[in-house]
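Feature annotations, reproduced from Swiss-Prot:
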BINDING   12-17, Asp47, 108-111, 168-169, 200-202  ATP binding site
BINDING   Thr16, Asp47, Glu108  Mg(2+) binding site
ACT_SITE  Lys39  active site
BINDING   Thr43  substrate binding site
Amino acid sequence: MNSLLITGTDTGAGKTIVTSALAAYWHKYYPSQRLGVIKLLQTGIGDHEHYQAMFAGQESVEVVCPLRFTTPVAPPIAAERENQPIPLEIVWKSLVSLQKSCDFVLAEGLGGLGSPVTWELTVADLAGEWRLPTVLVVPVKLGAIAQAVANVALARQTQVNLKGIILSCSHPLSPQELSDWAPMDLIQSLTGVPVLGVIPYLETIKDLDQLAKSASHLDLEPLISLDCRTQFLG
């Protein structure tokens with residue numbers, strides 16, 4: 001499947017930074033390939049507007065957000081307050097449409113893997129039911145190891161096709177802090193999921209070159225299929 005879901009351990013884990021870095025990387029190195037960026041569902045103002053500004057005027061990048069609520073809280077609560085349904089079929093149709101029209105699609109989830117999408121479903125449920133290849137963003141901080149272990153367990157329970165873990169730094173860190181708080185070998189050993197690298201702290205997420213450079217240090221091979229890599233390189 002020519003798509004990748006970027007989810008995290010929690011709200012503020014670094015999903016938007018990682019999605020932006022991956023999008024900037026593909027836009028820079030594969031400019032002839034069409035890239036789709038979709039925020040599956042948004043409450044309040046934020047990520048969708050960021051991606052629109054980031055790729056304004058770029059015909060090779062399509063940015064969509066099929067379902068939005070004004071209230072910046074969990075979707076089932078926002079929908080209830082606004083007296084609106086949560087028609088996930090609209091989200092699914094938008095995703096499928098992007099998959100058909102683009103060479104690769106980056107889909108950013110909402111909140112964390114366990115965050116509610118409806119009163120019955122979480123992000124993990126959608127990722128599993130929709131069979132989306134998924135990467136888990138784990139913020140580098142005290143408690144990162146436990147968060148990674150718990151979220152990988154949830155991913156397995158809901159049959160998420162988890163391709164790897166990406167660590168994200170929300171503030172400047174020393175090598176010692178990175179090693180102490182999010183040791184890659186230990187996280188891999190406990191979860192059985194490869195840690196694909198670290199996105200360092202970035203002062204801005206509007207610099208496409210800086211974003212692409214940060215993604216270039218990741219092990220990107222597990223995140224796209226052989227067909228997509230052949231297409232990109234062809």
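A Cβ is built for glycine as well, from the same backbone N, Cα and C atoms used for every other residue.
Projection of Swiss-Prot feature records onto the structure.
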{"residue": "Gly12", "record": "ATP binding site", "CB count, 10 Å": "13"}
{"residue": "Thr16", "record": "ATP binding site", "CB count, 10 Å": "20"}
{"residue": "Lys39", "record": "active site", "CB count, 10 Å": "27"}
{"residue": "Thr43", "record": "substrate binding site", "CB count, 10 Å": "20"}
{"residue": "Asp47", "record": "ATP binding site", "CB count, 10 Å": "19"}
{"residue": "Glu108", "record": "Mg(2+) binding site", "CB count, 10 Å": "27"}
{"residue": "Gly109", "record": "ATP binding site", "CB count, 10 Å": "25"}
{"residue": "Gly111", "record": "ATP binding site", "CB count, 10 Å": "22"}
{"residue": "Cys169", "record": "ATP binding site", "CB count, 10 Å": "21"}
{"residue": "Tyr201", "record": "ATP binding site", "CB count, 10 Å": "15"}
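Taking Cβ-Cβ distances under 8 Å and a sequence separation of 6 or more, the neighbours of Gly14 (ATP binding site) in its chain are Gly8, Val137, Pro139, Ile166, Ser168, Cys169, Ser170, Ile199.
Glu108 (Mg(2+) binding site) and Asp47 (ATP binding site) are 9 Å apart (CA-CA, integer value). Proximity to Lys39 (active site), judged by a C-alpha distance within 10 Å, picks out none of the binding-site residues Gly12, Gly111, Tyr201. Gly12 (ATP binding site) sits 13 Å from Glu108 (Mg(2+) binding site), counting Cα to Cα. A Cα-Cα distance of 7 Å separates Glu108 (Mg(2+) binding site) from Thr16 (ATP binding site).
Classification of Thr16 (ATP binding site) by DSSP places it within a helix. Between the alpha carbons (Cα) of Thr43 (substrate binding site) and Gly111 (ATP binding site) lies a span of roughly 10 Å. Take the mean position of the Cβ atoms of Thr16, Asp47, Glu108, the recorded Mg(2+) site; other residues of that chain with a Cβ within 8 Å of it are Ile6, Lys15, Thr19, Ser20, Lys39, Gly46, His48, His50, Tyr51.
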